[in-house]
Amino acid sequence: MGIKGLTGLLNEHAPNSIKEHDIKTLFGRKVAIDASMSIYQFLIAVRQRDGEMLTNDAGETTSHLMGFFYRTIRIVENGIKPAYVFDGKPPELKKGVLSKRFEKREEAKEEGEEAKEIGTAEDVDRFSRRTVKVTKQHNEECQKLLRLMGVPCVIAPSEAEAQCAELARGGKVYAAGSEDMDTLTFNAPILFRHLTFSEAKKQPISEINLEAALKGLDMDMSQFVDLCILLGCDYLEPIKGVGPKSALKLIREFGGLKEVVEHLREKAAARKAEAEEEDEEEAEEPAPTSDVEMPDDEDGEKDSDDEEEAERRKKAEAAKKKKAQEKAKSAKKGKGKGKGGIQIPDEWPWEEAKQIFLKPDVIPADQVELEWKNPDVEGLVQFLVTEKGFSEERVRKGAEKLTKFLNAKQQGRLDGFFTVKPKQAPPPAAKGKGAASKGTKRKGEDKAEGSGKKAKKK
């Protein structure tokens with residue numbers, strides 16, 4: 001899921017933190033790519049014309065393998081050295097989110113079956129994409145493929161994005177590659193997005209610089225993590241009523257999430273007390289009565305007064321009913337917000353979520369060795385062609401490209417040799433009567449020059 005609304009905030013408040021590149025400009029870079037996110041992307045995007053996933057003759061899914069093989073070759077052809085990082089065991093705090101995702105997939109399956117009966121082809125395609133689940137077999141097959149290709153793989157102890165960030169921070173790679181913005185929350189100094197997108201999309205690579213983002217938002221790393229949690233992350237139920245703008249405003253106003261939570265809980269308690277007081281006042285309101293009791297001997301005036309009293313009661317009851325309906329409607333509309341405000345869920349362990357971001361379970365970068373090797377051509381043919389039904393000609397051509405580019409001596413980047421120095425200001429011009437103005441000559445200079453030239457001719 002990543003961090004909701006973070007990209008929009010950076011575009012608005014820290015535009016200098018985001019740059020766009022053509023993939024060709026990234027030659028010479030090493031990148032740690034979130035493989036688990038890539039598998040999910042390929043299972044959704046790499047499909048047949050009818051919208052179904054690619055399969056071999058045995059009915060086995062091959063979309064993920066097709067995606068990894070050809071997208072990795074494209075990356076390598078452009079002079080980039082990828083290393084893929086796979087998810088390990090998810091944090092305990094994430095289990096609730098994973099459970100909800102499972103429920104949504106089951107709902108999508110049921111809706112997909114119904115769409116097959118009465119829906120359009122677009123409906124069927126949409127629901128089938130929502131049912132995608134990355135399995136253990138998908139992971140194992142992708143790891144096997146990448147090793148045969150000579151591309152390094154790392155199995156993270158927990159979150160792949162956190163391990164990518166660690167490798168970038170430790171200098172093993174230049175950047176982390178993922179679509180999840182929480183890679184920045186894990187303190188990745190540089191994040192590449194859209195690196196594994198299809199070339200047909202013509203989507204430029206987006207580079208996000210964490211230091212520039214913090215500077216633009218005017219906050220430190222701890223506050224940035226607080227902001228990301230408040231925006232909505234993978235570990236906590238989002239707070240209804242808090243959008244990107246209000247989240248940024250709250251963190252800036254109160255300085256941190258601890259103070260924000262205390263403030264919101266106090267406001268929620270005050271609103272609750274106020275609502276209870278209003279309910280008590282309404283319950284104590286006396287039924288409307290006539291102000292004047294008319295005597296019985298006023299020639300039928302008593303009957304007229306009774307009718308007026310009944311009308312007043314009727315109007316009062318109608319007004320009370322309308323007020324109750326408006327109150328119920330308002331409560332329904334602001335459900336979870338506490339009478340039009342923001343209300344934090346009772347169980348909202350943000351401190352635990354913050355610790356996951358600040359101290360993630362990762363392998364230290366200095367304990368990881370990334371090595372790019374020659375591809376095992378015959379191994380690739382056996383796995384992709386014999387077992388998975390790929391075209392042998394295409395597999396061998398792809399292997400040739402891997403051999404050529406993975407083993408080629410990488411051309412150094414100019415930004416690795418040169419340091420950009422600030423432009424020096426020109427020396428100050430002499431001041432006073434004796435100073436000659438730039439682009440002008442003193443009287444007599446033209447004459448002297450002219451006579452000098454004439455003398456030379458002689």
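Note that the numbers count up from 1, one per residue, in the order the chain is shown.
Cβ coordinates are placed from backbone N, Cα and C, and glycine is handled just like the others.
As recorded in Swiss-Prot:
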BINDING   ASP34, ASP87, GLU159, GLU161  Mg(2+) 1 binding site
BINDING   ARG47, ARG71, GLU159, GLY232, ASP234  DNA binding site
BINDING   ASP180, ASP182, ASP234  Mg(2+) 2 binding site
COMPBIAS  275-285  compositional bias 'Acidic residues'
COMPBIAS  293-309  compositional bias 'Acidic residues'
REGION    1-105  region 'N-domain'
REGION    123-254  region 'I-domain'
REGION    268-347  region 'Disordered'
REGION    410-418  region 'Interaction with PCNA'
REGION    416-458  region 'Disordered'
Between ASP87 (Mg(2+) 1 binding site) and GLY232 (DNA binding site), the C-alpha gap once rounded to whole angstrom: 21
Averaged pLDDT score, the region 'I-domain' (123-254): 92
Separation of alpha carbons, ASP182 (Mg(2+) 2 binding site) and GLU159 (Mg(2+) 1 binding site) (Å): 11
ARG47 (DNA binding site): secondary structure state under DSSP, collapsed to three categories: strand
ASP34, ARG47, ARG71 filtered to the binding-site residues whose C-alpha is within 10 Å of ASP182 (Mg(2+) 2 binding site): none
Cα-Cα distance linking ASP180 (Mg(2+) 2 binding site) and GLY232 (DNA binding site), given in Å to the nearest integer: 12
Residue from ARG47, ARG71, ASP180, ASP234 whose C-alpha is spatially nearest that of GLU161 (Mg(2+) 1 binding site), among the binding-site residues: ASP180
CB contacts for ASP180 (Mg(2+) 2 binding site) [other CB atoms within 10 A, all chains]: 23
Of the binding-site residues listed as ARG47, ARG71, ASP180, ASP234, the one whose CA lies nearest the CA of ASP34 (Mg(2+) 1 binding site): ASP180
Neighbourhood of ARG47 (DNA binding site), C-beta criterion under 8 angstroms, separation at least six: MET53, LEU54, SER63
Alpha-carbon distance [ASP180 (Mg(2+) 2 binding site); ARG71 (DNA binding site)] in Å: 19
For the binding-site residues ASP34, ASP234, the one whose C-beta sees the most other C-beta atoms within 10 angstroms: ASP34
Binding-site residues compared (ASP87, GLU159, GLU161, ASP182) - the one with the fewest other Cβ atoms within 10 Å: ASP87
Helix, strand and coil counts within the region 'N-domain' (1-105) (DSSP): 55 helix, 19 strand, 31 coil
